[in-house]
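Feature annotations, reproduced from Swiss-Prot:
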ACT_SITE  K127  active site, N6-AMP-lysine intermediate
BINDING   D44, Y45, E46, Y47, D48, S93, I94, E125, R148, E184, K300, K324  NAD(+) binding site
BINDING   C418, C421, C436, C442  Zn(2+) binding site
DOMAIN    625-704  domain 'BRCT'
Amino acid sequence: MQNSPTTEQTKNIVAERIQELRQLIAHNNRLYYENIPPRREIHDYEYDELFKELQELESRFPEFQSADSPTQIVGGSVSEGFKKVQHSVPMLSIENKPVTKMLSEVRSIIKELKDDAISIDIVAEPKIDGLSCSIRYEKHQLVRAATRGDGLEGEDITVNVHSISEIPKILPLDAPEVIEIRGEVYMSNSDFKQYTAQQNKIGEKPPENPRNAAAGSLRQLDPSVTASRPLRFFAYAWGEISNSFAKSQWDALQTLRGWGFKVCDDIRLLYSSDELNSYFEEMQERRSELDFTIDGIVYKLNSLSLQERVGQTNRAPRWAAAQKFPPEKRETLLQNITISVGRSGALTPVAELLPVRLLGTTVSNATLHNQDEVECKDFRIDDTIVVQRAGDVIPQVVSVVIEKRLSGSIPFVFPSACPVCGSKAVREPREAVWKCTGGLTCPAQSLERLKHFVSRDAFNIDGLGEKNIELFYNKGLLASPVDIFRLEEILSPPLLWQQKPSEFKPLQEWDGWGELSANNLFRAIRTKQKITLYRFIYALGIPKVGEVTAKILADNYVSLDNWQSSMLKAAERESECYQHLISIDGIGSVVADEIVSFFAEAHNIQVLDSLKNYLSVEDFTKPAIISSNISGKIVVFTGELEKRSRKAAKIEAEKFGAKVATDVSRKTDIVIAGTDPGSKLRKAQELGIKILSEDEWEHLINEK
C-alpha cells in the first residue's frame, strides 16, 4: 500500500496548484479586461470553476492567502489609451455563489448581531452581460463616466457615454448633489443582429457576441465610432452619494427609473426560498426570449441598512451573490465531419450539425479541434451528440449519446491528404495538428493568408475585411497579396483614352457598391502602401511568426532588403546567417526553420519582389535610448505587474537601454518579479541572478 503524502508534501502540492490557478486566472483576466474586444482562452463556466477551486484552497490553507491573488482583486488593469479615473467608492465585483449560501452567511451575521426581528427579503435581477460603468453627476449634471477597471481605477469614457441616449445627461432637482450611478452598457440582441449585418455588408468581421460588441464600442478612442453604435444602458446600483435617497434596494431602483434611467423590467422583490428558486428557473427558461443577453441572476438584500450592517470583503459585498446559469445543452445529429484548412495548412475537423437552437442562436457547426479529440470522444457521422454553448459564446460538442448510436456506424478516419488541393497531409512528432503540404498552391491556404494579410495587426485596410477578400478571391481578382494593390487599376472606371479588360465591370457598378464605397476602398488601399517593417513581416503569415516575433526580426535586420537577403543565405544551415538567426533571443531553431522554409519557396520570393513595386516598407527605427544604469543589461519580467502592462514595461526598459528577454539564462542580469512569478523566479534563484520587485525596479530606472 502506498503511503499517503506527508503534511509538508500536501502543502507543496497545494502551493503549486494555487500558483497554477492564480497564473491561469490572472492571464485570462488580462485577456478579458484589457482587450478590445474582450476574450478568454477558456469558457466562462470553466473560469468560474477554477475561481471557486482557488477560493476553496485559499480558505482551507490560509497560510497561502495573498493580497495579490485574483480572489482579492476586482477586474483588470486600465488600458494605456484612456485617462485613468479613481473610483471614489470601489466598484466591487459580486461573488459567484448560490443565493442559499449568501443567505446562510447573512443569517449567521444577523445571529451575531442578536437582532431576531430583522426580516430578509431579496431583490433579484437578471445578470446583464455587458460592460460595467460608473456615471458621476455633480449638481445634477453628468460630469464623468468610467469603466470598472480593477475596481479601484477605471478608464475615463465620459465623451463616449454622452452618445448613449438611455443615459440622462441632467438629473432632476430632487436627486442628490453628488451621485454615481452604476450599471451595464450593453447592445440588444436585435441591434446586434443589425450591426452584424452592416459589418458583413462592408466586408468587416463582426464581433462574436453582443457583449464584445458593446465593450469594443464603448472603449473606442474615437468617440464618433461609439456614437455610431446602438448602445443601451441598464442602471442597477450607485457609488458615492452626498445624501441618502432611499431605504431599500427596490425603492432606489424605482427612484432611478423616475430620474430617467432604464431599469430592467424583469427585476423582482422576493420573500422566500421557493420564490427565489422559481425566479431562477423562470429566467433560465425565458433568457432566449429576451432582447438582451443574460448569464445568470444577481441577488441583493433589499434593506440598505442591513446591507451596511452585513458589510463587505475587500473584493465583494457580503449582501449580494451572483448565480450563473449552467451552459445550455441540446441533443442533435452529427450529420458530417468536414475538414477546414487554415492559412498555415492546419487541418481542423468541423462538426456539421442538424441545426439546433441554443440561447436564441441557431448552431449548425462546431469545431472538433483535432484528430485526438475526435478519436478520444469517438465522434462518428450520424451520431446523436450533446452540444452546448459554454460561456454562452462558443458552441462545443460535449459528448456522444452512445445508447442512440446506429448499428454499423464506423469510426471517423482522418484524411491523409488535403481535402482542397489534394496535397499530402503530415503530422509532426509531438504536434496535435495535421497540416497540408501544398503551401500557397493550396487555394484554401491562399485565401486564409490573404485574410491575414489585411487583418488588424497587419495592413488593416478599412473596407477590406474577410467578406470582401472572399468576394474578390472568388471573382478571380485576388490570388496573392500583390493583387490587392492592383484592384484600383482593374476595377476603377476607364478614362476616355484607356482600354481596359472587359471581363470586370467597374466596382462601383457591382451589387452593393457605389461610387463612394468603391472610392473609399481604393483610397484605403492607397493609404496602406507605406508600412512599418515589423507589420509587413507579420502580414506575410509565416507560421510561428506572430507580432512579437515580427518585431524581433525587424529590430535585428532593420530593413526589408537586409532581412530578405539574410534569410536566403540562411538556407544553408551551417551558414553564419542561419547561426545568427537561431541565436536571436525569441527565435530559436523551430521558428528559424519556418522562416527559412518560407524563403525557400520560389513563389514567396516572387510575391515579395512584386510587393516592393507597390509598397514603401519603412526601415525599423529604434527608439532613442536614454543612458542609464541598466543600459546593456539583459532583463526578464515574470509574474503579473501592477503598475503597467508587460508590454509597457518592456518598452520602458528598452528606452533605458536594457534588452528584454523572454527566458531566464546565465546571460540574464536582472529578473523583475511581479505577483505569481512562476518557474522563471525559481530558475533565477538557482542561477544567483539579481531579483527585483516592481517597486525596486521603478527605483532603479529612475535613479539619476
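Cβ coordinates are placed from backbone N, Cα and C, and glycine is handled just like the others.
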Item to check | From binding-site residues R148, C418, C421, C436, C442, the one whose Cα lies nearest K127 (active site, N6-AMP-lysine intermediate) | outcome: R148
Checklist entry - Around R148 (NAD(+) binding site), how many other C-beta atoms are within 10 angstroms of its C-beta? => result 23
Item to check | Per DSSP, three-state class assigned to C418 (Zn(2+) binding site) | outcome: coil
Checklist entry - What is the pLDDT of the domain 'BRCT' (625-704) when averaged and given as a whole number? => result 82
Checklist outcome for this item: Sparsest Cβ environment (other Cβ within 10 Å) among recorded positions K127, K300 belongs to K127
Checklist entry - Using the Cβ centroid of C418, C421, C436, C442 as the reference point for the Zn(2+) site, which residues of the same chain not in that list have Cβ within 8 Å? => result V341, G345, A417, P419, V420, G422, S423, A425, T437, G438, T441, P443, A444, Q445
Checklist entry - Where the distance is taken from Cα to Cα, which of the binding-site residues I94, R148, K300 turns out closest to C421 (Zn(2+) binding site)? => result R148
Checklist entry - Can you name the residues of this chain that are 6 or more positions from C418 (Zn(2+) binding site) yet have a C-beta less than 8 Å from its C-beta? => result V341, G345, L347, K424, A425, C436, T437, G438, C442, A444
Item to check | For the domain 'BRCT' (625-704), the number of residues DSSP places in helix, strand and coil | outcome: 28 helix, 18 strand, 34 coil
Item to check | Spatial neighbours of I94 (NAD(+) binding site) that are distant in sequence (at least 6 apart) but have CB under 8 A | outcome: V298, A316, P317, A320, A321, A322
